[in-house]
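What TrEMBL records for this protein:
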- B:6-25: transmembrane segment (TRANSMEM)
- B:37-59: transmembrane segment (TRANSMEM)
- B:71-88: transmembrane segment (TRANSMEM)
- B:116-135: transmembrane segment (TRANSMEM)
- B:161-178: transmembrane segment (TRANSMEM)
- B:190-216: transmembrane segment (TRANSMEM)
- B:242-265: transmembrane segment (TRANSMEM)
- B:277-303: transmembrane segment (TRANSMEM)
- B:323-356: transmembrane segment (TRANSMEM)
- B:377-399: transmembrane segment (TRANSMEM)
- B:405-429: transmembrane segment (TRANSMEM)
- B:436-455: transmembrane segment (TRANSMEM)
- B:637-667: coiled coil (COILED)
- B:674-889: domain 'Histidine kinase' (DOMAIN)
Amino acid sequence: MPGSVLLIEDEPNIIEAISFILSRDGWRVDTHSNGIDAVDIVRQKAPDVLILDVMLPGRSGYDILRDLRDDPQTADLPVLMLTARGQAKDRELAERTGANQFMTKPFSNAEVLDAVRALSAA
Amino acid sequence: MSTLNLLIAISLGYVLLLFAVAFVAERAARQGRGSWLRAPIVYTLSLSIYCTAWTFYGAVGSAARSGLEYLTIYLGPTLVMIGWWWILRKLVRIGRSQHITSIADLLSSRYGKSNLLGIGVTILAVIGTTPYIALQLQSVTLSVEVFAVGAEETGPTQPLTAFWVATGLAVFTVIFGTRNLDVNERHHGVVMAIAVEAVVKLAALLAVGIFVVWGLSGGIGQTLERIDNSDLGLWQIDGGRWVGLTMLSAAAFLCLPRMFQVLVVENDNDAQLRTAAWAFPLYLLLMSLFIVPIAVVGLDILPEGSNPDLFVLTVPLSQGRDGLALFSFLGGLSSATSMVIVAAIALSTMVSNHVVMPIWLRVRQGMASQSGDVRHVVILSRRLSIGGVVLLGYLYYALSGGGEALATIGLVSFVGLAQVLPAMLGGIFWRGATRVGALAGLTVGFAVWHFTLFLPSFGEDMIIPAKVFESGFLGLSWLKPQALFGIEGLDPLMHAVLWSLSLNTVTFFAASLLSFPSPLERLQGAQFVNVRYAPGSARSWSGGVAEAEDLMVMAQRILGATEAQELFAQEAQRQGLGGHLPDPTPDFLESLERELSGSVGAATAHAMVGQIVGGMAVSVQDLMAVADETAQMMEYSARLEAQQGELTRTARQLRQANDKLTRLSVQKDGFLSQISHELRTPMTSIRAFSEILRDNTGMSEVDQIKYASIIHDEAVRLTRLLDDLLDLSVLENGQVNLNLNDTTLAELLDRSLASAMADGSGRAMTIVRTKAREKMSLHTDADRLTQVFINLIANARKYCDADTPRLEIRVSEIQGRHVVDFVDNGSGIAPEAQDVIFEKFARVSDQKAGGAGLGLAISREIMTRLGGEITYLPGQGGAAFRVVLPRPMALAAQ
């Protein structure tokens with residue numbers, strides 16, 4: 001039973017693609033495209049799953065995630081991180097910061113779908 | 001009547017000639033062909049403004065009235081030139097090394113850049129010089145009148161003549177005295193015109209003298225006989241008055257603002273002074289040679305009661321020698337005009353630097369670096385001051401009605417200005433002299449001069465009631481204007497000289513000893529007193545606080561853009577740094593301040609730099625350096641300082657290199673991840689949408705087309721990125737083939753603008769161009785150069801964050817190279833980002849503006865290949881890029 005997803009990403013075409021995939025699967029998708037007030041938006045929308053890009057205008061995805069983990073309200077929020085940088089240290093950093101899943105662009109649509117389903121079920 | 005017309009015609013012709021001389025000299029100096037302008041003989045001749053109309057006409061009058069006393073006026077300067085040569089040399093060296101602009105500036109600068117002192121001396125100078133200018137106008141009017149005798153117009157023409165003469169002088173001075181804002185404040189045109197006038201007046205006086213001796217008296221022997229027979233030979237010499245007058249004229253020679261202007265400000269090198277040391281006394285000797293014969297013959301042949309001040313004119317006229325009289329008139333005109341011109345320049349510099357500019361700066365507090373063109377304000381205030389000074393002189397003449405014996409007003413002025421002497425000499429020879437001392441001495445001297453000489457000179461009951469002369473001020477008998485402290489029987493002039501100068505000096509020394517100099521005063525004092533040993537090493541700025549960019553903005557407003565940029569670039573090169581901005585080291589701030597002070601005076605320059613640097617600090621080391629008294633110590637510490645400076649510079653270079661390497665390594669590290677990011681982002685969209693199209697059959701046609709277009713656009717983006725990378729790599733490896741062709745800059749800019757602005761999605765932007773300067777033809781790779789221009793224009797369009805974006809494309813020539821500047825009105829690029837923007841993937845803002853961050857890197861490579869250059873130009877208000885066009889290919893405009 002699909003719930004709600006918040007997608008924080010700044011590349012309009014990628015927003016469109018992910019929204020399309022998830023909506024077709026029955027998810028309610030909210031989107032936001034800058035890093036500065038991302039934390040507030042997360043608190044306000046209280047999604048079931050958060051998809052968070054690393055390179056965001058204004059603030060990096062890692063910083064946002066750190067804030068979310070420090071806040072009891074969002075400490076357990078399932079987070080899928082996306083990055084266009086494929087290096088191992090990026091993955092490590094994501095895990096240290098507290099991402100539940102990490103995915104390197106480009107990804108296959110099925111992968112994203114599976115990941116979101118898995119995160120919401122956990 | 002016809003003589004009068006002829007006179008006017010000849011005068012006008014003469015004035016036009018002077019304009020031409022000044023113009024030619026000015027142009028030669030500007031084109032760098034002016035080495036002859038600095039010839040010692042020109043300098044010597046320019047000193048002759050000491051001989052004003054007062055000496056030209058008045059010396060004969062003085063000789064006729066008081067015998068050889070007129071010689072004292074020549075004796076003073078002669079003694080200074082020969083005996084006090086070392087004082088002059090010191091003054092001139094200080095003037096050059098400190099960029100002194102006037103005598104007020106000298107005192108202000110020496111005593112801790114005190115503007116109060118500058119204002120004081122300026123006021124003194126204006127009060128002391130105004131009557132003197134009036135005197136010149138009067139002499140011209142009187143001499144014209146001599147020719148007008150018999151003509152119908154007599155009375156009403158008088159002020160009219162003076163008025164036109166004053167207007168003409170003001171115009172000449174404005175044109176040639178404020179033509180440019182030279183860092184050295186030198187006026188080649190004016191100096192040259194004055195040198196010509198010096199020759200004319202000497203020749204005129206000699207001609208009249210020769211005519212009198214050989215033409216009228218029949219030779220030297222008979223002339224001497226005639227002198228012996230006249231009363232002139234009998235007059236006694238009053239020893240005290242002689243010494244007094246000689247000293248007075250010596251003091252005036254050093255202190256008169258106009259003398260200071262030609263002697264110190266216009267001085268270029270020591271050689272000029274060496275020649276002047278013998279040539280100027282010789283000039284004075286020649287000037288005085290025929291004074292007595294003319295006086296004697298004048299008294300002899302002219303009717304009783306004719307004005308001896310005009311003998312130089314009336315003697316030839318009475319003999320029907322109209323031509324000679326005209327020549328002599330020109331001599332008198334030269335004497336008067338040259339004095340007024342130089343005095344007006346000197347005074348206007350003082351008024352503008354010490355009164356107008358400080359007020360202007362205060363009114364616009366803290367904004368000197370941002371608003372308004374300071375050069376414009378300075379020049380305008382100079383021009384207004386010149387007009388004001390000449391107008392004051394004219395008003396003084398018109399209101400006082402003239403008429404007084406010429407010599408008297410002159411001497412009154414001399415005494416007034418001589419009050420500067422103690423503070424000036426004390427300042428350059430005595431480290432203990434303080435600002436308080438100088439102010440106190442000047443005030444006392446000025447007050448005494450006012451009370452004992454200046455006010456009484458208007459006559460009893462004019463300003464000071466007769467009662468005060470009788471029984472003293474407030475009824476105190478020791479306060480009689482012409483008999484202070486009960487000492488009676490002295491000549492009023494000598495009385496005033498004695499009391500004003502001695503009280504002035506005593507007060508100056510006493511107040512200096514009792515007061516404590518500020519650190520800045522000590523530093524300046526050391527620099528002035530030890531001008532030979534410490535060539536400009538006093539430091540009053542603590543470095544590193546100032547923003548180089550703000551300084552640049554300010555310097556551009558005062559020195560002009562080209563000069564300021566050159567100055568900064570030179571300093572940056574000296575410090576071993578690339579680019580346009582040097583580090584604001586204390587040394588640099590000090591030399592920048594000196595450059596600026598050449599334009600606006602020491603106190604103002606100090607205040608302006610202070611506004612930016614935020615207060616000045618004097619370190620303990622600086623004070624120690626001041627305390628080191630002996631020359632050896634000074635030299636030793638200067639050497640240490642040089643070494644230290646070298647080390648500091650090396651350290652700074654290393655630090656900079658290290659910083660850059662660190663930044664580059666971080667960038668190299670980021671390069672792979674950047675490339676990965678730039679490639680993966682479009683690929684993500686492509687993959688996602690192609691999967692959507694594959695997996696979702698039965699999608700509407702509209703959606704299908706939309707998703708297919710996204711895939712297409714992203715594929716194009718990928719291609720463009722790969723093209724850019726390839727392009728850059730080709731350029732970097734030097735494998736590029738240049739496709740050279742002939743074109744014009746205008747054409748390239750047209751093409752670039754059309755291409756960069758074609759995309760309708762961006763914001764509207766105003767483009768400002770000067771098409772006239774773009775006509776130059778180029779032989780270069782037009783496509784490559786266009787690529788660079790397009791990149792710059794597109795960047796301005798993307799990143800300029802002004803409400804109404806505006807891009808100015810300026811074409812200019814700097815040091816023989818053609819440059820094109822692209823300056824927008826946005827917030828510019830932060831200083832720390834300025835040297836990385838040309839690196840690959842260096843995007844200044846976080847927001848994605850659509851580019852891969854390779855544009856400037858490619859542009860830089862292109863310019864290098866083309867033999868040109870592209871740099872960031874700081875301090876222009878917005879983002880500014882300078883493209884230096886390739887040298888051999890940029891041909892002059894057709």
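Even glycines carry a Cβ here, placed using N, Cα and C.
Unlike curated entries, TrEMBL annotations are predicted automatically.
What you see is a predicted model, and the numbers here were worked out from it, not measured in a lab.
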Item to check | Leading stretch by Cβ pairs under 8 Å, where the reference is the transmembrane segment (B:242-265) and the options are B:6-25, B:37-59, B:116-135, B:161-178, B:436-455 | outcome: B:37-59
Checklist entry - Hey, which of B:277-303, B:323-356, B:436-455 has the most Cβ-Cβ pairs under 8 Å against the transmembrane segment (B:6-25)? => result B:323-356
Item to check | Recorded stretch, among B:37-59, B:161-178, B:436-455, maximising Cβ pairs under 8 Å relative to the transmembrane segment (B:190-216) | outcome: B:37-59
Next on the checklist: When you look at the transmembrane segment (B:71-88) alongside the transmembrane segment (B:161-178), do they share 3+ Cβ pairs under 8 Å, ignoring any pair fewer than 6 residues apart in sequence?
Outcome noted: no
Checklist entry - For the transmembrane segment (B:405-429), which stretch among B:37-59, B:71-88, B:277-303 has the most Cβ pairs under 8 A? => result B:37-59
